[in-house]
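Peer 1: Dropping a structure here in structure tokens format, bear with me for questions.
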Amino acid sequence: MSPAFRTMDVEPRTKGILLEPFVHQVGGHSCVLRFNETTLCKPLVPREHQFYETLPAEMRRFTPQYKAVLIFVRCADEFGASGNIETKEQGVVSVRFEEDEDRNLCLIAYPLKGDHGTVDIVDNSDCEPKSKLLRWTNKKHHALETEKNPKDWVRQHRKEEKMKSHKLEEEFEWLKKSEVLYYSVEKKGNVSSQLKHYNPWSMKCHQQQLQRMKENAKHRNQYKFILLENLTSRYEVPCVLDLKMGTRQHGDDASEEKAANQIRKCQQSTSAVIGVRVCGMQVYQAGTGQLMFMNKYHGRKLSVQGFKEALFQFFHNGRYLRRELLGPVLKKLTELKAVLERQESYRFYSSSLLVIYDGKEWPEVTLDSDAEDLEDLSEESADESAGAYAYKPIGASSVDVRMIDFAHTTCRLYGEDSVVHEGQDAGYIFGLQSLIDIVTEISEESGE
């Protein structure tokens, strides 16, 4: 059984697992689902799947760990689906679309484990929704569910689905206008659980993707997802910066219209000038106890100076600059640049670079503190006074730099590509060098 499924196996067979939206998704338009604490589900794009399957060894530490392929296959009824894992060891899940009490679409996975690792196929009754799992209210979701005429119900159901789709489009338009948002966080609570219904970008991507999947269920037999490492799982308050890298975003297979649109976006943003632009940001501001969200529409409007200020804001917690993070970031950016300079014929068109660190404030502890103080460190509340730390727990200064999104990546290993490039991806490397220069400038100006 794939390691990604061990968590599911300990659950009773009648219980389901809610495939939640990944609340720390700050950019992109693909729906990313949280499979478990350490694993994410992302819609499979053949080219991206090929990239992970043929990934050069020296690039692995700069990308999320690739785990498996998950296939959702439509069940006998229009609202059900089953899935299996394409790994050396087989595992199977059944999935269904349901609605929560707020009428939002949910995708539920039910583990099906047979003897000796074989697959059990069960009838649809085993896929009934579990009220405890989804925290349903006892009231009926549809007043029309009790109607005798099925045609009336179907007509009403289709009408409601169209209204939902239209509402999602309106909410996305609102998101485009609301380019920077703030959300107050309770310090004692789990940040990820608090954000389940409040990260505006991940929620809208989630609902839009599930709505499309449900609408297309009658015309499509299966959906494929890849399982990837959840890069934010080891951070208590993940601060995430999504940077669109390179001077060119369209793939070689893009239509003329698509290519022209991507060229225009690059020309009108910092992509053309410095080879990088902000695609999304989530940062914790300790001064106000708020998470700040910046979306890609704001990122496109930034000047080079505005980009630098956004980068400064990402490393600033509202009280002081997190200077201890700048050195590790520079080290990893420099190492990544050296690795990419050795990659022949690769082009990472429309790929992003994630920078992640923990926004949790760690209390100041002196070096002569007793063992009990150090043992209880992770449970103490944040120190309200700003200043340098005499002692930092392991991970307090940890920062991660990873490449993601390879749907338009190409190299000569992909034999079916009509265009084969020579040498390095100069546009991506140019963007990395710009990042290195700007972070270095921020570090020097702050007295690092």
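Easy rule for this one: first residue shown is 1, then count along the chain.
Glycine is no exception: its Cβ is also placed from the backbone N, Cα and C atoms.
Relevant sequence annotations retrieved from Swiss-Prot are reproduced here:
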- GLU229, ASN230, LEU231, ASP242, ASP405: ATP binding site (BINDING)
- 238-246, 258-265, HIS408: substrate binding site (BINDING)
Peer 1: Under DSSP, is ASP242 (ATP binding site) part of a helix or a strand, or is it coil?
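Peer 2: Once the DSSP labels are grouped into three classes, ASP242 (ATP binding site) ends up as strand.
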Peer 1: When DSSP states are folded down to helix, strand and coil, where does GLU229 (ATP binding site) land?
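Peer 2: In three-state terms, GLU229 (ATP binding site) counts as strand.
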Peer 1: Which ones in the same chain are close to LEU241 (substrate binding site), with CB under 8 Å and 6+ residues apart in sequence?
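Peer 2: Correct list: VAL26, VAL278, GLY280, MET281, VAL283, LEU311, PHE314, LEU354, VAL355, ILE356.
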Peer 1: Return the residue, from the listed binding-site residues ASN230, ASN261, with the maximum count of other C-beta atoms within 10 angstroms of its C-beta.
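Peer 2: Per the Cβ count, the most surrounded site is ASN230.
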Peer 1: Looking at the binding-site residues PRO238, LYS244, ASN261, ARG264, whose Cα is closest in space to that of ASP405 (ATP binding site)?
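Peer 2: Closest by Cα: LYS244.
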Peer 1: Measure from the CA atom of ASN261 (substrate binding site) to the CA atom of GLU229 (ATP binding site) and give the result in Å, rounded to a whole number.
Peer 2: 32
Peer 1: Quick check for the class: what is the C-alpha distance, in angstrom and rounded, between PRO238 (substrate binding site) and ASN230 (ATP binding site)?
Peer 2: 11
Peer 1: In whole Å, how far does the CA atom of ASP242 (ATP binding site) lie from that of ARG264 (substrate binding site)?
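Peer 2: ARG264 (substrate binding site) has its Cα 20 Å from the Cα of ASP242 (ATP binding site).
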Peer 1: Quick one: largest C-alpha distance among GLU229, ASN230, LEU231, ASP242, ASP405, binding ATP per the record, in angstrom?
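Peer 2: It comes out at 16 Å between the most distant Cα atoms.
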Peer 1: Between the binding-site residues LYS258, ARG264, where is the Cβ count within 10 Å the lowest?
Peer 2: ARG264
Peer 1: I'm trying to understand the geometry here, so how far is the Cα atom of ARG264 (substrate binding site) from the Cα atom of LEU231 (ATP binding site), in Å to the nearest whole number?
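Peer 2: So the Cα of LEU231 (ATP binding site) lies 32 Å away from that of ARG264 (substrate binding site).
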